Amino acid sequence: MFASLLLAALPLLTHAALTYRGADISSLLLLEDEGYSYKNLNGQTQALETILADAGINSIRQRVWVNPSDGSYDLDYNLELAKRVKAAGMSLYLDLHLSDTWADPSDQTTPSGWSTTDLGTLKWQLYNYTLEVCNTFAENDIDIEIISIGNEIRAGLLWPLGETSSYSNIGALLHSGAWGVKDSNLATTPKIMIHLDDGWSWDQQNYFYETVLATGELLSTDFDYFGVSYYPFYSASATLASLKTSLANLQSTYDKPVVVVETNWPVSCPNPAYAFPSDLSSIPFSVAGQQEFLEKLAAVVEATTDGLGVYYWEPAWIGNAGLGSSCADNLMVDYTTDEVYESIETLGEL
């Protein structure tokens, strides 16, 4: 009888939990300074990190800027947020932008005071910066699970020296940044990640890694994880099928785990700038759609050898619901009530 009951229950066990079920909540302290707070699914006001941890989310991504003009996302800001993440029992993923402001495929501006003319000087500055960041967290007894050397660097990093006109320079910079992490005082060395945009495009992913590794400046042993962004609203070509192929090829070609480190799905998108991918076109723009998208995305990651996790980008950024896209609202929070959506729990159960 027990055996038959057990067998009957087995179909409900659709997949094992991903290693990383994460969210980027970098904006939290700024939002709290503006007076915002959050409510759980029972309508009770709680700290956002508590709501996320209670939902099963186990890792938090934080962006780090070098010398921001107003202190936003600098090292002190991130220490304050990381202490709360640690207290909530979640792991920490630091996303080093290596800039004083946003770094992405269209802008990789070198921090103020760092060299833009001498590669040797810039390598040394980058090494000392990643070393300092890690040692500061070590001094505060905060472990770092993952650290990425740059953010969406398919077009290079630390421009102009790290532009794609010289993949040798890109490789040398990544090597220096990685070794600042490896030489730090952290008791456990973080997993070092390289993060590119357009994770669905195997051609773009492979071109970057094949080219930069061929220079001999970046060694395969310098880093541990591939990180990719996957946003379905920026290209009709960003199908789940393409992502599945890209992740599988990345892992099999270079023998490293893969993580989807940025993604979104809208609850409202009346005027998308681009057609949505064909194999996602049936998913509604709603909370239920967020849930369905996350489950399908998780299935792709889980089906990939060494596919480790999914991070949702800025699910609670009230006041910026479009999150830079042409969609009206990609949040997992109802910004009219400050209450989280059920999709938060879906993310925590992936």
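Any Cβ shown, glycine's included, is placed from N, Cα and C.
Listed features, source Swiss-Prot:
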ACT_SITE  Glu152  active site, proton donor
ACT_SITE  Glu262  active site, nucleophile
CARBOHYD  Asn128  N-linked glycosylation site
SIGNAL    1-16  signal peptide
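On a Cα basis, the residue listed as 'N-linked glycosylation site' lies 27 Å away from Glu262 (active site, nucleophile).
Spacing of Glu152 (active site, proton donor) relative to Asn128 (N-linked glycosylation site) is 21 Å (Cα to Cα, whole number). Around Asn128 (N-linked glycosylation site), the same-chain residues at least 6 positions away in sequence with a Cβ under 8 Å from its Cβ are Gly180. The secondary structure of the residue listed as 'active site, nucleophile', as reduced to three states from DSSP, is extended strand.
The residue listed as 'active site, proton donor' falls outside any helix or strand according to DSSP and counts as coil. In this structure, Asn128 (N-linked glycosylation site) is part of a helix by DSSP.
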